[in-house]
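What follows is a short report on a single structure.
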Amino acid sequence: MKHLYGLFHYNPMMLGLESLPDPTDTWEIIETIGKGTYGKVYKVTNKRDGSLAAVKILDPVSDMDEEIEAEYNILQFLPNHPNVVKFYGMFYKADHCVGGQLWLVLELCNGGSVTELVKGLLRCGQRLDEAMISYILYGALLGLQHLHNNRIIHRDVKGNNILLTTEGGVKLVDFGVSAQLTSTRLRRNTSVGTPFWMAPEVIACEQQYDSSYDARCDVWSLGITAIELGDGDPPLFDMHPVKTLFKIPRNPPPTLLHPEKWCEEFNHFISQCLIKDFERRPSVTHLLDHPFIKGVHGKVLFLQKQLAKVLQDQKHQNPVAKTRHERMHTRRPYHVEDAEKYCLEDDLVNLEVLDEDTIIHQLQKRYADLLIYTYVGDILIALNPFQNLSIYSPQFSRLYHGVKRASNPPHIFASADAAYQCMVTLSKDQCIVISGESGSGKTESAHLIVQHLTFLGKANNQTLREKILQVNSLVEAFGNSCTAINDNSSRFGKYLEMMFTPTGVVMGARISEYLLEKSRVIKQAAREKNFHIFYYIYAGLHHQKKLSDFRLPEEKPPRYIADETGRVMHDITSKESYRRQFEAIQHCFRIIGFTDKEVHSVYRILAGILNIGNIEFAAISSQHQTDKSEVPNAEALQNAASVLCISPEELQEALTSHCVVTRGETIIRANTVDRAADVRDAMSKALYGRLFSWIVNRINTLLQPDENICSAGGGMNVGILDIFGFENFQRNSFEQLCINIANEQIQYYFNQHVFALEQMEYQNEGIDAVPVEYEDNRPLLDMFLQKPLGLLALLDEESRFPQATDQTLVDKFEDNLRCKYFWRPKGVELCFGIQHYAGKVLYDASGVLEKNRDTLPADVVVVLRTSENKLLQQLFSIPLTKTGNLAQTRARITVASSSLPPHFSAGKAKVDTLEVIRHPEETTNMKRQTVASYFRYSLMDLLSKMVVGQPHFVRCIKPNDDREALQFSRERVLAQLRSTGILETVSIRRQGYSHRILFEEFVKRYYYLAFTAHQTPLASKESCVAILEKSRLDHWVLGKTKVFLKYYHVEQLNLLLREVIGRVVVLQAYTKGWLGARRYKRVREKREKGAIAIQSAWRGYDARRKFKKISNRRNESAAHNQAGDTSNQSSGPHSPVAAGTRGSAEVQDCSEPGDHKVLRGSVHRRSHSQAESNNGRTQTSSNSPAVTEKNGHSQAQSSPKGCDIFAGHANKHSVSGTDLLSSRICHPAPDQQGLSLWGAPQKPGSENGLAQKHRTPRRRCQQPKMLSSPEDTMYYNQLNGTLEYQGSKRKPRKLGQIKVLDGEDEYYKSLSPVDCIPEENNSAHPSFFSSSSKGDSFAQH
């Protein structure tokens, strides 16, 4: 484990506790001084000299060893300084019963801490004067300067860590969390310290891993300590420490409670210490020159004595209880304490009094404490804080992972975790519905839910996780814009489905988009802007000097993004935020998987839309026709055509004219200026709408899981709905009408799940429950959606009439919509009002018919299909679905799950690029479709996705209309609570049963909790009761066929079930491991036996093969020798014998693979003519001896284990009476290449030639017997028997022809059971073992 504090590396054994001295030999405890962070502090006396000291006694707890060691190392390393406590040493007191103790002996500071001094004075109605405060701060600054000069950051400067001596000295203590740097410029990034004194940059390190800080964090802490010296407590002292971590970075720098009561220098000193930007904050050295501190110069001794007198006076007062503020260390896990200890109720259901005032009071108090989340049973209320909070870090993600909901404060992560756990436990799809007004924080809540689900999903593929996290940012850049009430308002509906494996691993995602507000492309209301992406791309291309490449102007803004202020271009070129957002969008494209060519095409289409907006039209007056139009600014036309890669002439023709087909004839008619402008705007809207739809489809293609994974495992989904919120502007048009109808549908969905279905089941199951009244908006939805007299049906009907106007539309509404929800205001012709669930809204009917028709001339489509831009061709070649979006396409790409395990990703099928997934019921004729019909089908499609899953609701509330942080408008919040039915929801969640489960499903799901695994309990009431009682639940009810449970019951049951399954999984893991090990052992043994059998068979085969080769060679050699013997016998004594060739020895060595050698030798007499006829094959010794009494034939035999040589030599009885040794010459056996030992090629058939030359009657050839092993002695016996038998039948041979075994042969000696033949005049060794060169060569061979 690496040490937290830089220079020293943590090792539990580094301290060497056993080597430390025993303190009892030197120190003796006198009394208790106080309690430290990790142990008590005592006053001790030195037994040797009687000096006093303070000792901090600590138990060597493992998780504190690092801080103990850090303090020890720093104290030992740090030189002495008057303003830093002295260190006398560390001791270890061993105790085997209760464990040893560490003693840190320090300088005794009898005066206590400055905090105790200040509190004591305040209790007596006094306070420290400014001179004394400046003296204490001066001493603290000197101590900090000493630390910083030695490259040490204290990181826990506070009043309790500034001690005083009885003489008035100021000492810094407690270095447990100090950091020692390796360089004065090196910064730290560990969030550690006591929360009230922690600097903002230190807190930021917990949330932002690229943040860091330097030694000036001690300056901030000293500033807080200065306030503590003045007021007695640090700022926010009455708040829970966890909440201070949220407040400090966001609040302005704190000040004294009553700054006017203190001098200007003191206030200025505090303000300098508490500069939030630490880069601008002064260092300790600079603060020593501050006027407030410089006032101490020359008065140090006087102020020291005065402080000592004050301390002396305080000793006579009653002691003040010491307030401890515990340190927090983010590297050490901790849990946030229960909110009930320091705040109001987390769950409104637990309130004793349920009324509007109580609920509003609860929400307001929690919002003031930045507790923006509150439960209503299993429903989460989220108040928009209008500021960034530090409660969404990975540390908080770990807190909200598989724990009970009540274990932690309410959080958006808890709702995400509840949906995830239900999905994994119940194997059922989930749906998280986020609703609320525009600007209430729905989009950000959706971001956080996706973030937490990716954390819980633990994607094996890190790239997939990054892709999913980038999806929202990319889609929102194209689908969000700035409105009058929200700077990041969603102008489309989004349903994001995150797909998981059955084990809960995220494997992909899919987005469904609904009803994009395309009209915003061409026109925006006052104080509103176009879609974000237009500003991002303009700023990015301007920064890259590429505006000219896309034919965009650098001075005057395009008409589609210009506003009434005229500052758009200045904002685009000067604001860094736009440029950074452009870089972020490029990063999103790259991470998700878009190619550079695709991104470039997207940019060209966006630039083309902006250039199209600059095209203007003018009327052409002629003698016969005055409604003709032309394009006066040809440059804008040329720019648009160039960027879109189409012909400018064709584009102009498509804009200024249109074709009409009548009775088979095509008539070209000119467009008026107004109609040409409408065609231009319709073209821009179509381009942007289809481009947005293509981006969504492309994202879905890049993030889709492998089909084999889905089909094999049957994955599950968690859907997140982020839809545009309820809107009510000063002028509301057709867009707001569609948005508010969609919100009515979501509210109806909420009412059905929370109220209607629950109370209906109470009646059906015979449950006695008090009915809860709620506002049912079903009649209002019928007014909108029913046919043929619903509002949308009437709108479509009027849109089909060419002569219809907006006035006739309003009149038709008034004639047919006769209900309390519709009214017509007097005095306003083109307006109508609707009473929505969220309040009354007045709509302007101007342009509603044209917006609903949303016609796109076919001439424009034809021109755009001729573009050289492949993407643009694709946008207008793919048909639209019933929801108005492009049909999904497939391309040759790598799916998101390609990096999942191989058994999931096998068998991918490749399809052709741009292959359209055509469904007859999806594709439709765009000429007959209207925006209202698209919208109706979008709602149907959205609900079909939502009803599949189990819902989880997040109700976002906007606390004020000014978007101000910490501002709570009771009237606005109460109106939203009433409209969304939160008050009724509190009541039904308190009284009702939100979970109704069939007996069969309940028993099947939870029977593990009460029955053993091999039992199969019946799906009866008794089984359900047994499970519920075993789980120790109460307040549940059984109906006729269902179990009725509270919202918290299911959570408890799921936690218990996970615990049981966890234990089962552990047992299964051990069992599977044991079975696997045993199975592997058997397989290994079987394989070893098989290997042995294969090896044995091979060895046998190889031995037989080699033996066969050796046998054949020996047979051939024996036949050759036999032929030679026959020839010699036929010549007899009549052949002249030369003295030099009387006895010749032929030795032949046959080499075989595997180092098997056979030595064959023969001694025979040959005539001079025979030696010549052999062509040198048989060589004779240069010193050939005379005929010996006995010439021996040397034979060798080979066994499978190696080569054994059995050779004989002749007795040394020559004819002349001299001892001669016949020479032996080795010849290799002929190999496949026919090479001799010396490499000379042998003539084929040379041996056969010898046999043919001496054609004599062959005597019966005796086959030589092979020795099977060295231990076999029967060969010699059989050989002797054979010789005796042959000798008895034949005439005695001559001495040179008789085959005998030499008694002196070494091999024969080891085999023969009889005594060796005695040597006769054996003064020389056999030539086979002689030291001659030839003999050595043979032996080596």
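Quick reminder: no glycine exception, Cβ is built from N, Cα and C everywhere.
Looking at the stretches 134-156, 594-616, 939-961, the one that Swiss-Prot records under the feature region 'Actin-binding' is 939-961. The average per-residue pLDDT of the prediction over the domain 'Protein kinase' (27-293) is 84, rounded to a whole number.
DSSP assigns ASP156 (active site, proton acceptor) to coil, not to a helix or a strand. A simple way to gauge crowding: the CB of ASP156 (active site, proton acceptor) has 24 other CB atoms within 10 angstroms, across all the protein chains here.
Taking DSSP states H, G and I as helix and E and B as strand, the domain 'IQ 2' (1087-1116) has 30 helix, 0 strand, 0 coil.
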